[in-house]
């Protein structure tokens, strides 16, 4: 992780100019900037009102992000530093294409169904990566506003200011001095009631996000009889009324796509189960979503007259042949094996052998 001087970041953001302000939160403010080499970045520093608490949140975010550099589905940490007062700031990869929340609320270009499946899988992989860390990391604020799009429009999980490492053999602990935190609508009720923090709290939040991703409905709608998206969607999912949950702008046209919708909605309902022990782990969620992607890809290839099974079969044959590829090596034998009886003779032997490239 690179250490930046405050002067370098002040220069990158043009003195934290108002026109470079990207967003504000309860504990921090984020600015757009460009490093000396032209790299676009986002700079997060404590908000003036948050003081010590905001600095602690940002230091926590730096520590968490510094340990998640191997996951391509999490926003990249570029570096960090401190100002003259000792307050921390972090420098992140700029995410110039907004949030998932913005995309779902867009009236002009709603995400297509394949795009939504891809986003769901990337976010699931990000959360699974956190839970698979040692010790596990609980994000505590998985929501559409914290799923951002990079320059290539790849979705990445962001904002780790509330993230907490959990210990214990069962992956569950009760952090001292850390009251339940998160966003209403995504917040796991079992977490707020028991005060026990677990990776399953993130699973609930992901289930809510999945329902939002499929339906484009607000997570909390005070104008509706069922203001919670979970209370609205889960009964319809259990009754197999999947079409009533899907965003009508998606325009599903094939039985395979409808099957994929059903699979994803069933996963979402399991993730949002009332009891934490009834929820799947994020590794299982990733595998299920990967199965949905495979199903959709196979359908797309078939629709365009391409035999996907044949492609996979031919690829496997190629892999086997590559492993068995034969090569030649010249071995010089210094022993007296033939011709002339003298001990100083040499014999060249060409030996064919198999190379293992696996």
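Glycine is no exception: its Cβ is also placed from the backbone N, Cα and C atoms.
Source: prediction; values computed, not measured.
Feature annotations, courtesy of TrEMBL:
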- 16-293: domain 'Protein kinase' (DOMAIN)
- 45: ATP binding site (BINDING)
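For residue 45 (ATP binding site), applying a Cβ distance below 8 Å and a minimum sequence separation of six or more within one chain yields 16, 28, 29, 31, 58, 83, 87, 88, 89, 90. Looking only at the domain 'Protein kinase' (16-293), the predicted model's pLDDT averages out at 89. In the three-state DSSP scheme, residue 45 (ATP binding site) is classed as strand.
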